[in-house]
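Written out below as structure tokens is the structure these notes cover.
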Amino acid sequence: MDTLANLALGFSVALSPYTLMLAVIGCFLGTIIGALPGLGPSNGVAILIPITFTLGLDATSALVLMTSVYYGAMYGGRISSILLNIPGDEPALMTTLDGYPMAKAGRAGDALVLSGVASFVGAFLATVGLMLLAPMLARVAYLFGPAEYFALYLLAFCTLGGMASNNQAKSAIASCIGLGIAMIGVDNNSGIPRLTGGNMHLADGVDFLVAIVGLFAIAEIFFFIESHGKGTAIGVKLDKVTIPWKDIFDCKWTMLRASVVGFFAGILPGAGASLGSFMAYMSEKAIAGKKGGFGTGVARGVAAPEAGNNSAAGGALVPMLTLGVPGSGTTAVLLALLMTLNITPGPTLFTDRPEVVWGLIASLLIANVVLLLMNVPMVKVFVKILSVPPALLLPGVTMISFVGIYSLSGSYFDLLLMVAFGVLGYFLRKLDVPTVPVILGILLGGQMENALRRAMVLSDGDPMFLISSPIAIGLWIAAIAGFIAPMFLRGLLRKPQALTD
Amino acid sequence: MASDRIFGLVVLFTALAYFAGATQIQTGFMSDPVGPKTFPYLVSGAAALAALVLIFKPDPDPAWPATRTLANMGIAVVVLVAYAYLLKPLGFIVPTILAAGILSYQIEPRAKTAALSGVGLAIGLFIVFRFALGLSLRAFPHGWGL
């Protein structure tokens, strides 16, 4: 009953005409951002954070707007996957496997509507799961001391590193780059600046928003210069859009199973939505067997990854809200948003600021319904947006990024830093070094160091204190396993390559 | 092979420089057992270790773009850096027309599209930022009004 009372509180916060309007705007923007090739949920939310911040919205409104954008982008990602065979971001890759063949077979409309419904089911179930699970996990999180938090942060870096890259050394380097950058600036304990190289601009440290926008949005422009904007023309025609009731009905169990699988994959700290859509697709493929025809454009092959992907996006909010450890690149960006709004996620968030948590959950539910209503009838409008030429889109994104960062600090130095992060992001991605651990490192580095230092103060410098409780030991084992296991499971976990024409 | 080795070496030297930088950190007189140096040491140590692994076990090379494309990216970086410096003194409109136009031309080398994108983005985004979102953005250099 507690949950219902809390939910009522959430809706009372989130259901005003003004926030509803924000939700609709956010969903619309988000779907566009997700649909545009080269713009995924992470860069989309990243470039909008500075602007939202300078608009001076209060915490709840900003959260409603940005979570709507977040869910919207998860929905929109499927449009470019299905019509262009270009995943808007990594989790959407699995949707191309059956979505694009289905579209080529003349069923683009069916695939779009079905994937929209699957997204709704996944996101809805995940939000319900979040409501039930997050308060429980928040209670457990009260048992966490500094030693446990240190191990938890380590776990996030290890599982993210294990999953995100094909090479453990590269993801370790990525985490170290992020953590190293986080150390720059004034030391929390002594108040003395460190590692600034005497540069006054660095005394405040490197703003994570600058790094996020640089790595995600600015880096993209170099990729488009490299490819000269090729491969963005619409390859398949979208005729009349009807609702494929039969396919939706046939996929009901697929959607349910995929949502459950995706949700739990999303909860793993650091694993996130890519793992969710991958596991959902693979498990459905195994259940369907050879006769299922996965990979040739079957309805279930579209429904499974979309339900899994959106459900994982909701699942990833569980560790982010209760422990302050994001489960994916996009939740890392949302964590950045919360930190910008001066909200510290963690177990105390549920008791101290219930209106924020439950307002967020209510706005997720609202956004989800708005998205379903918006996406099915308006799918043609969003498809039109795909024909925006990259020669207009990418400069536009760059200018929006510049203005966003500039309006935050008004300093040319942050803009230069953002360009530097853009160049870094290009080279890292070119070398197959994941960029999400860099972001995670910058976001969590300070807290990870603080946890270590507080633990050492408590134990008077005895390192064994870090593995002194059962929870801490469990987290350490999970961290080490999460880092090492993918090396051996690589053959099994190898992602199917996207289809080429 | 070579790309990863070069990257590994760059990371290794950066980690060493970072370590050297960390030794110079001043410790306050009221310090905790760990102090402000230990965590940077750990991070640079881990990075150096991972860099060594990469140097001895590199992945195959990625497909690098042709020299001309790389030169184009270099130009893009110069444009973005110049834009960062000029945004404040020259206002939004003029630098944006130039920067957006050049970037657009580099993605798709068609002069007319590029010029239209530059002008359109500069004016369109200015209207959105200034009037719809209410950001305090100057259109022109100081003293020109607006």
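Keep in mind that glycine also has a Cβ here, set from the backbone N, Cα and C atoms.
All TrEMBL annotations are machine predictions without curation.
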Next item on the list: Give the range, chosen from A:75-92, A:93-110, A:237-254, A:435-452, that TrEMBL lists as transmembrane segment.
Entry: A:435-452
Check: Same chain, outside the transmembrane segment (A:464-489) by at least 6, Cβ under 8 Å from its Cβ: which residues?
Finding: 143-145, 147-148, 150-152, 154-155, 157-159, 161-163, 168, 270, 452, 455-456, 458
Note to self: On average, what pLDDT score does this prediction assign to the domain 'DUF112' (A:20-440)?
What the structure shows: 84
